Amino acid sequence: MKYLFFALCLYLYQGISEAEVPAEQIPLEAQALSGLPLVEYLQKNQRLFEVTATPVPYFKQRLMDLKYIDQNNIPDEEVEDEELEENNDDIPESYDPRIQWANCSSLFHIPDQANCGSCWAVSSAAAMSDRICIASKGAKQVLISAQDVVSCCTWCGDGCEGGWPISAFRFHADEGVVTGGDYNTKGSCRPYEIHPCGHHGNETYYGECVGMADTPRCKRRCLLGYPKSYPSDRYYKKAYQLKNSVKAIQKDIMKNGPVVATYTVYEDFAHYRSGIYKHKAGRKTGLHAVKVIGWGEEKGTPYWIVANSWHDDWGENGFFRMHRGSNDCGFEERMAAGSVQ
């Protein structure tokens, strides 16, 4: 049975507001740092986040090519949601949907995109899963298939090389997307097909990963034994665009659920372990798309609560916190989401 998913697609350009601060000027010598010298610089020159040395080649396998920063790949129609433009007095200092919607298991789920730049599809599918649950008040619990999007939406981008979250939401609207899940799992139509890289605690070891994975081919059929057909398992929505501000992002998250951010990644992010990330040093390495679920403040520093897609043993149990209000790394410029009506 199709669950009609009416979506509000956001492509958000963030201008300067009263909550924002100017971007920090990074010294040229700091911009050129890499490897251990970069880790040592971060340990000595900033206190917002903890770092640990991470191999950069493996890190790059999980990023998109910089060409996907293209801001022109957006819907033609712009629709302004007047309800989100009302006064902002009711925006709390902190908001975490995992508290309000603790029964929505997808909010706690951290996927593993492996050695594929599929973050644009993985994060979009994850946000869609959350919003279906929130709209149904916890009654509808599904994981939307990132594999269906990354393999079958040929106009969304180039699979494992990268793509646009805004196009992933349009694909949901035009064709519908089936259910999915993690690698080698059952109970859904199209689970993820690329195995996790390396060791992850007591979980099954599938092997190491060398280079970027090839994009799995599109299969318009469900796993053998799954009780639904591919067409009957699809979830649909209606897509359009919304005018943006940081407060509009917050209000939309409170009203509808998580959104997706696309931002420029520098090498210092490769070494993030915990805390509030704010770009401090290192070279530009690619693009990444992530699911933004809420926000908060720690010792006067505002942040976004973000779910990554690099397994739950990365960062803060798969999550990280991103500096809020400074548009660091362009984080607040390009956001997409869908709201259920």
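Easy rule for this one: first residue shown is 1, then count along the chain.
Just so you know, glycine gets a Cβ as well, placed from its N, Cα and C.
Copied over from Swiss-Prot, here are the features:
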- CYS119: active site (ACT_SITE)
- HIS288: active site (ACT_SITE)
- ASN308: active site (ACT_SITE)
- CYS104-CYS133: disulfide bond (DISULFID)
- CYS116-CYS160: disulfide bond (DISULFID)
- CYS152-CYS218: disulfide bond (DISULFID)
- CYS153-CYS156: disulfide bond (DISULFID)
- CYS189-CYS222: disulfide bond (DISULFID)
- CYS197-CYS209: disulfide bond (DISULFID)
- ASN103: N-linked glycosylation site (CARBOHYD)
- ASN202: N-linked glycosylation site (CARBOHYD)
- 1-19: signal peptide (SIGNAL)
Helix, strand or coil at CYS119 (active site), per DSSP?
helix
Just counting, how many other CB atoms are there within 10 A of the CB of CYS156 (disulfide bond)?
23
Cα-Cα distance linking HIS288 (active site) and CYS119 (active site), given in Å to the nearest integer:
6
10 Å Cβ neighbour count around CYS209 (disulfide bond)?
18
Would you mind sorting out which of CYS152, CYS156, HIS288, ASN308 (the recorded positions) have a C-alpha within 10 A of the one on CYS222 (disulfide bond)?
none
Using CB atoms and a 10 A radius, I'd like the single residue among the disulfide-bonded residues CYS116, CYS153, CYS218 with the highest neighbour count.
CYS116
Can you see whether DSSP assigns CYS222 (disulfide bond) to helix, strand or coil?
coil
For CYS152 (disulfide bond), what is the secondary structure by DSSP, using just helix, strand and coil?
helix
Applying a 10 Å Cβ distance cut-off over all chains shown, what neighbour count does CYS152 (disulfide bond) have?
21
Cβ packing number for CYS189 (disulfide bond), 10 Å threshold:
25
Within 10 Å of each Cβ, count the other Cβ atoms and name the one among the recorded positions ASN103, ASN202, ASN308 with the highest count.
ASN308
In the chain carrying CYS104 (disulfide bond), residues 6 or more apart in sequence that have Cβ under 8 angstroms from it:
PRO97, ASP130, CYS133, ILE134, GLY138, GLN141
